Structures are given as C-alpha cells and as structure tokens.
Amino acid sequence: MSTLVLLRHGESVWNAEGLFTGWVDVDLSPKGEEEARRGGRLLAEAGIRPDVVHTSLLKRAIRTANIALEEAGLHWIPVKRSWRLNERHYGALQGKNKAQTRAEFGDEQFMIWRRSYDTPPPPLAEDSEFSQHNDPRYATLPPELMPRTECLADVVRRMLPYWYDAIIPDLAAGRTVLVAAHGNSLRALVKHLDNIDDKSIAGLNIPTGIPLVYELNDDFTPRKTGGEYLDPEAAKEAIEAVKNQGK
C-alpha cells in the first residue's frame, strides 16, 4: 500500500479577481498563502510526511508546495516539476473575467467551455500578452506539444504519461507522494484514479489548499474511491465556492 496526497494550490490573485488563469503565471493571493499554510498544518496534524513532491512549472503551485512543506517542517524534501502538471490552458479565455464571459456568451456556452470534457475554448493568439510561446521555461518543449487551448481530455492525455513515468515509480519505491498542482490537472488525475466517466467528471470540483489523501493498492488503484479530505467540512464549503465561480 502507498499514500498519494493531492493538494490544489491556494487561491491565486486571478482566482480572487474571478479571471480565467490557465497557463498565465500569476502568484498566490494573501488568502492563498494562508490556505497553503493550512494545507501544511493539516498534513502535520495527520502525521503524513511526504517523501517527494511533484508540482507544475507555475508559481502558484510551486509556492503552495513550498509554503505547505515549510509549515509541516518538511522544506528539505525533493521537489520535481513538470509542465505536464500545469493547469488546463484556457485558450482565448485566459485573462478574461468569468462573470463577464458568462454574461456575454450565455450560461450554456460558458459551462461548455468551463466544464465540458472534450470541447476546448477558442485558441489563444500567439501574439497575445497571455501567450507562453516565448516563455523560457518551455524552451525545450516541442512546438507540437505547446497548447494554445485545451479541454480536460487534453489535460488527461498530457498528464497520464507523467503519472506512469514519474509518480508511479516514486509510489512503487514506497514513497509517500504529494502532488501540488491545479484544479484541472488534479481533476484529470482523479478521473483516472476513480475511473470517472467523461460526463460525470463535469461535476467534480477540487477545493484550494485542502489535502486529499488516497491510500493506494499495490496496483495503484484507490482503496477508497474519492479518497479522503483532511478537513472534510472545509472541503465541502470550498467545493461549493468553486462550483459557483462566474455567477
């Protein structure tokens, strides 16, 4: 049996402002920093000591991991970073206000773009101020892998190779693994772990800053579907807040 802990980054500045973020590298808000500290405290109180962290290339996830580890007294453990754990790329919606987008395009189109499994938003122009095409952190990424927009199915496809090639080997070695990532990269992983169908995944929301713990069997399937949040009541309240974004 092995232990996998999933932690969505704390509230970002753009989360607080109600903007679509995607691959834009915004920082944590003060509330998000406190959520990251809470995540670290919850890990310490539960006696969970990760041996290794996997995170994205975006500072809101990296800083969440760093703050949580500092709070738990585990700032020294190794951290591995990959673009495959980045947030879903929201295409031309990046930088746009969610409520205004909903008002402009209507509830149905808004929810299709936000929660449909296989329908991406319009692509982002390469000359957009929110484009990552000249970002040095992606300099070694083959151009054909650099997204201009993504649906959740795209995130699943890019995330799964990392699950098999990087995370599972750590779990197989007996390490407790913390994945500090994003709402949609974690939804993609939970979809795989819990074998959630393409339609039902639309109803899954991941709260910020509350560790979700999976105890895994020897074949890396969950012993309990859905795992367990270390603060179930706070998670329930935060999930409702995520669900209501853009209203």
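Every residue gets a Cβ built from N, Cα and C, even glycine.
Annotated active site, tele-phosphohistidine intermediate per Swiss-Prot: HIS9, in sequence order. Under DSSP, HIS9 (active site, tele-phosphohistidine intermediate) is assigned to coil, being neither helix nor strand in the three-state scheme. For HIS9 (active site, tele-phosphohistidine intermediate), the same-chain residues lying six or more positions away in sequence with a CB closer than 8 A to its CB are LEU28, GLY32, ALA36, LEU58, ARG60, ALA61, ARG63, THR64, ALA180, ALA181, HIS182, THR208, GLY209.
The Cβ of GLU87 (active site, proton donor/acceptor) lies under 8 Å from the Cβ of THR21, GLY22, TRP23, SER56, LEU58, ALA181, HIS182, GLY183, ASN184, SER185, each of which sits 6+ residues away along the same chain. Annotation source Swiss-Prot lists active site, proton donor/acceptor at GLU87.
Residue environment of GLU11 (substrate binding site) contains 23 other Cβ atoms, counted within 10 Å of its Cβ in all protein chains. The substrate binding site annotation in Swiss-Prot covers 8-15, 21-22, ARG60, 87-90, LYS98, 114-115, 183-184.
HIS182 (site 'Transition state stabilizer') carries neither a helix nor a strand DSSP state and counts as coil. Marked as site 'Transition state stabilizer' by Swiss-Prot on the basis of sequence analysis: HIS182.
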Where GLY22 (substrate binding site) sits in the secondary structure, as DSSP reduces it to three classes: coil
Residue among the recorded positions ARG8, ARG88, HIS182 whose Cβ has the most other Cβ atoms within 10 Å: ARG8
